[in-house]
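What follows is a single structure, written as structure tokens, with notes after it.
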Amino acid sequence: MESVILPCKSNFPTISELPQNYHPKHKIPINFAPSTQEPRFTDAQLNYLCTNGRLSEAITALESISQYGYKVKPETFKRLVESCINEKALHLGRKLHKKMNFLLEKVEPFIETKLLGMYSKCGSLQEAYEMFDQMRRRDLFAWSAMIGACSRDSRWSEVMELFNMMMGEGVVPDSFLFPKILQACANCGDVETGMLIHSIAIRCGMSSEIRVNNSLLAVYAKCGLLGCAKRLFESMEMRDTVSWNSIIMAYCHKGDITEARRLLDLMRLEGIEPGLITWNILIASYNQLGRCDEALEVMKEMEVNGIMPDVFTWTCLISGLAQHNRNSQALELFREMNLNGVTPSEVTLTSTVSACASLKDLRKGRELHSLVVKLGFDGEVIVGNALVDLYSKCGKLEAARLVFDMIPEKDVYSWNSMIGGYCQAGYCGKAYDLFMKMHEFEVSPNVITWNVLITGHMQNGDEDQALDLFWRMEKDGSIERDAASWNALIAGYLQNGQKDKALGIFRKMQSFGFWPNAVTILSILPACANLIGAKKVKEIHRCVLRCNLENELSVANSLIDTYSKSGGIKYSKAIFDGMSTKDIISWNTLIAGYVLHGRSSEAIKLFHQMKEAGFKPNRGTLSSVILSYGLAKMVEEGKHVFSSMTEEYRIVPGLEHCVAMVNLYGRSGELEEAIDFIDNMTMEHDISLWGALLTASRVHGNLGLAIHAGEQLLKLDPGNVVIYQLLLQLYVLRGISEESVTVMRPRKRNHHEEFLSWSWTEINNVVHAFASGQQSNSEVPDSWIKRKEVIMEGSSSCNRLCIKEEENEDVTRVHSEKLALSFALINSPQSSRVIRIVKNLRMCEDCHRTAKLVSQKYEREIYIHDSKCLHHFKDGCCSCGNYW
């Protein structure tokens, strides 16, 4: 006989009626079966099941009840929905929703709102929208539920759409909903809507609500309206930690870290102690501005105040150091973080691995890889990408490919990292094969992918393939080129020594409507850092002004350097004086420019101004300053700078400082001190050191010391034919024949090519080249040189050793700089008072004297940059002081 379960007629006690120490030992199933008799206390039974975690049984019971048309109270239904939310039981919530019209006498709006919240909180936003659209009446609570659902999913644009619809239906948000909408305004950058809400809040009497004001502050801060944020903050009657954090963040976003720091101190004076978030805002801002040392000091200060750094604090500092090329310090900080027991996040590990990649520290990188696996981050794509980059930069392409293949969901950056690795190693074929494979995995190459390939082919000398990829980007890849695409070609041509092609691409880039960026300018400027590039420098400077790049510190510094090397030191000074912000590179570059132009007094004066401005001299500063004292023949002052380097500036002298000291002694004729200085040096000697001594010996006529320096140079560079020929000339002066010379002869080379002297000058935007002994033509006024219309007054110094890097002049062989000079005099416009010439060898004394006299007779400024020195001839004098 079929068993029949009778409906229970007993009354269940409510929760309040049960004893406090009551705990049922066993869960007794409660079953409902069809019956002609209406069940009693259904709501109490259902509530009991929900309270005791038996939600599925309650839903099953509801299904049985609904078949016979039984109803439940709205409060009971609401409690069941809440249980579904608490247990994240979306499938049970759906069942409940289906029975809603059968179980309730009337569906109240709050029930629909509760179901709407159930869908959104259980992760089904689509069903939440469907529920929202079906609602017969949408009150403030319904709108709040829907907006809250979109906020939780960070769907900020949808929040803004819902707010506009809500206002269209005449529903005004309350003080609890406004902060969610304002958060969306801040994240969307919609400051106009934020201002509208501000006015609504004032009209609705919510201007004193601290949560609303804090949210408004966040909108103004994130949207960069510092003035609005400041006025609102000052008008607030009540301010809490969130208020202070928002105004501090507003100043940080504007880069006014000084005021942000002052506000933090003021916050403490007003009795509100900064929390972890406050300190982290300040630390993050210092790092973004590159002021990493101050960020580290802030972290120490927060520890003193009893706030322990969290993983965000450490990650922020490590990332800041890594981004500003302080990679060793970033790794040390990561070690300290581990010692403090703070577990790194995937972002921490990514930044640390990137620091290892920059240092090419494979051992440390492998340790980090092990930690990544241990912490379970090996499946994280950003960490995997960093590891691929690490192994690629360390030349371990097999390891890089293994990591790449193990990334479960590769993004386009994963592919770019691996393609870049192959390109860096010179395997452009493999890189291209991988590029073609992207389509098989349904990953579309982006502009970075194309740029990486173009850069790789340019670096490996395959310019044709690089150009082919460049022009295919838009046609085949449907990818719009960006400035980096053009920069890849420009940098590649410059790397391959093809300056003209690089400049051609630079002009074409502008003709195609692309604005050069700072990287473009920093790439192209060094190509013009010579005397015949002076007009191009001005052209690029105009481009900098058009693109509003003049305030970029690196661009301004590069312009200072390029102008000085192209003979425009006055323009370098003008740019320096106009800079709103200067760094140590700015000061060093202009000081070095003055040294190059032989203007020692300006260099020394600028050095003292730099110290007064609070800048600490570095290695580059001090080598230029010693050279400046050498130019001025201020030996004692130069010696003082050198001796005080370690004690006063904590800088160990390097080879560049030693070369500067040899020049210091050499210019003043203190050759014994110079050789003693070299003999007492602990570091290894190099060509520049002995070259400085050879110049000093040649100028002051010390034949024995010149021979010694020449022999040392030949030992260091035995294949240098120029040094060998100079040494032979010195031996002849000593009376030693070439046959009896015992020094090693260089390998046989094309003698003509080794000694061919070339000079270049630019006239009317055309560069003209001249070689020594070049045959006359209609353009080159040989007759002017041969007749020597300029009266050659004076003669070589009796002490100077007459040795030259090129053959002597005769009737048929004239030195190249004289040819260039005469051509420039005849063909340059009368309005141009400046002649610029570049030469590949050191000028001889006769050509030097000729240039001085021409500058005086023809009232021209003549710049000649030879292999050793920049000569600026004016009014019969030269900036080198006859020492070169």
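Keep in mind that glycine also has a Cβ here, set from the backbone N, Cα and C atoms.
For 139-173 (among others), the entry in TrEMBL reads repeat 'PPR'. For the repeat 'PPR' (139-173), the model gives a mean pLDDT of 87.
What TrEMBL lists as repeat 'PPR' is 240-274 (among others).
Cβ atoms under 8 Å from those of the repeat 'PPR' (275-309) belong to residues 241, 244-245, 248-249, 252, 255, 257, 260-261, 264, 267, 316-317, 319-321, 323-324, 326, 329, 340, 342 of the same chain, restricted to positions at least 6 beyond its ends. What TrEMBL records for 275-309 (among others) is repeat 'PPR'.
Taken from TrEMBL, the feature repeat 'PPR' covers 310-344 (among others). Outside the repeat 'PPR' (310-344), and at least 6 residues removed from its termini, the chain residues within Cβ reach (under 8 Å) are 276, 279-280, 283-284, 286-288, 290, 292, 295-296, 299, 302, 351-352, 354-356, 358-359, 361, 364, 371, 375.
The repeat 'PPR' annotation in TrEMBL covers 411-445 (among others).
As annotated by TrEMBL, repeat 'PPR' applies to 446-480 (among others). Across the range of the repeat 'PPR' (446-480), the DSSP-based residue counts are 27 helix, 0 strand, 8 coil.
For the repeat 'PPR' (482-516), the list of distant contacts is 447-448, 450-451, 454-455, 457-459, 461, 463, 466-467, 470, 473, 523-524, 526-527, 536, 543, 546-547, 549: same-chain residues at least six beyond its ends, Cβ to Cβ under 8 Å. Here TrEMBL flags 482-516 (among others) as repeat 'PPR'.
According to TrEMBL, the feature repeat 'PPR' maps to 583-617 (among others). For the repeat 'PPR' (583-617), the list of distant contacts is 553, 556-557, 560-561, 563-565, 569, 572-573, 576, 624-625, 627-632, 649, 870, 872, 878-881: same-chain residues at least six beyond its ends, Cβ to Cβ under 8 Å.
What TrEMBL records for 803-884 is domain 'DYW'.
Long-range neighbours of the repeat 'PPR' (411-445) within the same chain, counting only residues 6 or more positions beyond its ends whose Cβ lies under 8 Å from a Cβ of the stretch, are 381, 384-385, 388-389, 391-393, 395, 397, 400-401, 404, 452-453, 455-457, 459-460, 462, 465, 477, 479.
Taken residue by residue, the repeat 'PPR' (139-173) breaks down under DSSP into 26 helix, 0 strand, 9 coil.
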